[in-house]
Amino acid sequence: MPPILILLTLLLPLRAGAEEIIGGHEVKPHSRPYMAFIKSVDIEGKKKYCGGFLVQDDFVLTAAHCRNRSMTVTLGAHNIKAKEETQQIIPVAKAIPHPAFNRKHGTNDIMLLKLESKAKRTKAVRPLKLPRPNARVKPGDVCSVAGWGKTSINATKASARLREAQLIIQEDEECKKLWYTYSKTTQICAGDPKKVQAPYEGESGGPLVCDNLAYGVVSYGINRTITPGVFTKVVHFLPWISTNMKLL
């Protein structure tokens, strides 16, 4: 089995884009049909990229710190630099960050993107199911994160193909030791504190998938040598997600 390597957007994610993913392995093309590649432009006119995932035909879930201008979502992609017949590129009609999102502390880091048109469901494009309100993950559970980005710390270019890595759910105390703002109520701690392999600038907004359900959203970390990282806990925000998808 290949080693579990860095895949997350976790180094300074609230001030950076999602250009880098370290390690992991390339997945079978279109085997993660819920994955979304989000393009946008920041206030300085620079292109920014984030991950996300389809939760309904016209809604994508991502991280609130990914909010920018001129946002578009690409669904059904494996190679984001190729013009694949499976790809569906849809502009974002409205970005809905959580009203209590705190950029400085990285709390309530979750956002819904209302698409201008509904995605067409195909083998390469399908929503990812959300967990039930009483569902929980526990320390030791193995989950996965996927995204596009660099395959090594020294790489100068990002991988165009979708990659994935496995992470282990950690005790909340592991993240609380690193970040005083960490909340076990609204966040999940995942990685492997025994390995210098996880947090690094990469795919913000992508899903933490456990048992084929979206339990978390990639939020933040500390640097390229410290793990674990922090994920927004989807279960806590289910009422907010449901309410906003019904309103629009």
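Numbering starts at 1 and runs along the chain as it is shown here.
Glycine residues also receive a Cβ, built from the backbone N, Cα and C atoms like all the rest.
Database features, via Swiss-Prot:
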- His65: active site, charge relay system (ACT_SITE)
- Asp109: active site, charge relay system (ACT_SITE)
- Ser204: active site, charge relay system (ACT_SITE)
- Cys50-Cys66: disulfide bond (DISULFID)
- Cys143-Cys210: disulfide bond (DISULFID)
- Cys175-Cys189: disulfide bond (DISULFID)
- 21-246: domain 'Peptidase S1' (DOMAIN)
- Asn68: N-linked glycosylation site (CARBOHYD)
- Asn154: N-linked glycosylation site (CARBOHYD)
- Asn223: N-linked glycosylation site (CARBOHYD)
- 1-18: signal peptide (SIGNAL)
Helix, strand or coil at Ser204 (active site, charge relay system) [DSSP, three-state]: coil
Segment-level pLDDT (mean, integer) for the domain 'Peptidase S1' (21-246): 90
Three-state secondary structure, which DSSP defines for Cys50 (disulfide bond): strand
Chain-internal residues, separated by at least six, CB under 8 A from Asn68 (N-linked glycosylation site): Ser40, Val41, Asp42, Ile43, Lys48
Neighbours of Ser204 (active site, charge relay system) among the disulfide-bonded residues Cys50, Cys66, Cys175, Cys189 (Cα to Cα, within 10 Å): Cys50, Cys66
Spatially closest candidate among Cys50, Asp109, Cys143, Cys210, the listed recorded positions, to His65 (active site, charge relay system) (Cα to Cα): Asp109
Spatial neighbour of Cys143 (disulfide bond) that is closest, considering only the recorded positions Cys66, Asp109, Cys175, Cys189 and their CA atoms: Cys189
Neighbour tally for Cys189 (disulfide bond), based on other Cβ positions within 10 Å of its Cβ: 28
Other CB atoms, at most 10 A from the CB of Ser204 (active site, charge relay system): 30
Cys175 (disulfide bond) CB neighbourhood, other CB atoms within 10 A: 26
Rounded to the nearest Å - Cα separation of Cys50 (disulfide bond) and Asp109 (active site, charge relay system): 13
Residue from Cys66, Cys175, Cys189, Cys210 whose C-alpha is spatially nearest that of Asp109 (active site, charge relay system), among the disulfide-bonded residues: Cys66
Chain-internal residues near Cys210 (disulfide bond), provided their CB is under 8 angstroms and they sit 6+ positions away: Val137, Asp141, Val142, Cys143, Ser144, Ile169
